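These notes are about the structure you will find just below.
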Amino acid sequence: MSSAAIAIGTPKRELSGMEVAAIVLVLSMGNFLAVLDTTIANVLVPDIAGSLAVSSSNGTWVTTAYAVAEAIMVPLTGWLAGRFGPVKVFVAGIFGFGIFSLLCGLATSLGMLIAFRVALGICGGPLIPISQTLLLKIVPEKNRVAALAAWSMGTVLAPVAGPVLGGLISDHWGWQWAFHFKLPLAFLIGFVAWRVLSQHEQATEKAKVDYVGLGFLVLWVGALQIMLGNGQDQDWFNSSMIVELLIVTVIGFLAFVIWETTDKRPVVALNVFSNRIFSVTMMVTALAFGAMFGTIVLVPLWLQTAMGYTATWAGYNAALSGVTMVGFAPIATNLMTKIGPRAVACIGLLITAVSSTMRVSYNDQITFWQLMWPQLVFGAGMIMTMIPLMDMSTIALKEKDIASGAGQFNFIRTLSGAIATAAVVALWNNLIPSSHANLSAVLHNPQGFMDMAENAGMGTETARGVLNQIVNGQSVMQATNNTFLMLAGLNLLAAAAVWLAPKPPERTGEKPMMH
């Protein structure tokens, strides 16, 4: 965001309860729709690849294209809000999101679909932080924590709902409708948003565009997202392409930081990191959301590849966390007023660590109902972590830095999720063969099993195949348990790190921040 101060419009009267509810609903729905698109397309790749006659590896560019565009746009939120106004950015973004969702479904070639997905990411990227910014600026302070709780539900539920919803729509109506259905929702949100938010628009400033900083941002974020999206298929750092992308990412990032910290009108205001509460919150956010997204990815991956679950049933298991999210959101908001956001975030992270520890005892005979309990605990921990971290990310910032802070909070949340997804999948895949080798080395009396199998009429090769299948199954299970143990450790590290932040100031008064 431009470092120059922005004049803020003053609402003519105090908002009624219904007006506050309408504002919170429309902003939360816009956020939900944008976050939903980060995962809904993942399950569509096989169908898209078959329909457009391309390989599955080429089809993955459908998800990579959106991820790159979204990741670039999120940190630009502060500058966009100052240049065009946050209400206009939100409304234009949601209308554009609907239009390009329709065009994605109408695409007849992979090139068209990738181009429309890039445009969709450009429109959808700012929706997440700009909706949070408007929430913080408009909603009266007495309602702000509860409003953040409602808004955060979309952020944590949408990634879970995306694969389930995408799979169901694709199976019954075709992959195109997983894009089409968002058009009427986006237009409805856009029209209502303009009606309830237009009076809260802020004055704008025609700041000079920092083209150099923008170029460095596109360079390093684009290279990083492409590296993360293709690392697994390219065997990571055994591939020269991945190594080259890493070099571009590092050089581009360093150049970006140097330029943005010395330019008079940076496109991304990195000066907010000088606030210790904000900087510590960003560090904890990276650790916490890395662990959360790692879990969100690992559970369905294990269920579908090793336990024979369909994508739908794996989605049903993931959706269970939504039950406790809804139940614990008001508990988190009430506790924050009594013991403060740091303590609530710490409790949430400890609960999430407990859920990961519960999963360490998983075995290949576990039932759906036994899977339910850790998932319910996980949902409670997620919501009790996210709400206070969101509050801490902006509570100590100056009003002119709110949009920039919200953009960088959501950028780090998104980026840590992308890195964790790639890291957890790579770790899990590497642990399986090493677990297989360890189990084979300590296998007790394998010849006894072979003799028993042959006495039962089983051929030698068949018996070896059965034994290897048993070891394979246990190797996957051991690798899964060890990965959950590491995720629990990551949550514990985040729980300790949150106390590095100074005590946040208490929210006082009932007026909105727009004054």
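Each Cβ is built from the backbone N, Cα and C atoms, and glycine gets one as well.
Lifted from TrEMBL, the feature list:
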- 23-506: domain 'Major facilitator superfamily (MFS) profile' (DOMAIN)
- 89-108: transmembrane segment (TRANSMEM)
- 114-136: transmembrane segment (TRANSMEM)
- 148-169: transmembrane segment (TRANSMEM)
- 175-197: transmembrane segment (TRANSMEM)
- 209-228: transmembrane segment (TRANSMEM)
- 240-259: transmembrane segment (TRANSMEM)
- 280-303: transmembrane segment (TRANSMEM)
- 315-336: transmembrane segment (TRANSMEM)
- 343-362: transmembrane segment (TRANSMEM)
- 368-390: transmembrane segment (TRANSMEM)
- 411-431: transmembrane segment (TRANSMEM)
- 483-501: transmembrane segment (TRANSMEM)
- Message: Is the transmembrane segment (368-390) in contact with the transmembrane segment (315-336), using at least 3 Cβ pairs under 8 Å (sequence separation of 6 or more) as the test?
- Response: yes
- Query: Should the transmembrane segment (89-108) and the transmembrane segment (343-362) be scored as in contact, given a threshold of at least 3 Cβ pairs under 8 Å and pairs 6 or more apart?
  - Reply: no
- Query: So what's near the transmembrane segment (209-228) in sequence-distant terms, Cβ-Cβ under 8 Å and 6+ beyond its ends?
  - Reply: 64, 67-68, 71-72, 75-76, 79, 242, 245-246, 248-253, 255-256, 259-260, 263, 265-268, 415, 418-419, 421-422
- Which range out of 148-169, 175-197, 280-303, 368-390 gives the transmembrane segment (114-136) the most CB pairs under 8 Å? 148-169
- Query: Which bits of the chain, at least 6 residues beyond where the transmembrane segment (148-169) starts or stops, bring a Cβ under 8 A of a Cβ in it?
  - Reply: 24-25, 27-29, 31-33, 35-44, 128, 131-132, 135-136, 175, 177-178, 181, 292-293, 296, 300, 311-312, 314-316, 318-319, 321-322, 325-326, 329-330, 332-333, 382-383, 386-387, 390-391, 413, 417
- Message: Which range wins on Cβ pairs under 8 Å with the transmembrane segment (343-362): 175-197, 280-303, 368-390, 411-431?
- Response: 368-390
- Other parts of the chain folded back onto the transmembrane segment (280-303), taken as Cβ under 8 Å at six or more residues beyond its ends: 156, 159-160, 163, 273, 309, 311, 313-315, 317-318, 345, 349, 352, 355-356, 359, 371, 375, 378, 382, 385, 389, 392-393, 408-409, 412-413, 415-421, 423-425, 428, 476, 480, 483-484, 487, 490-491, 493-494, 497-498, 500-501
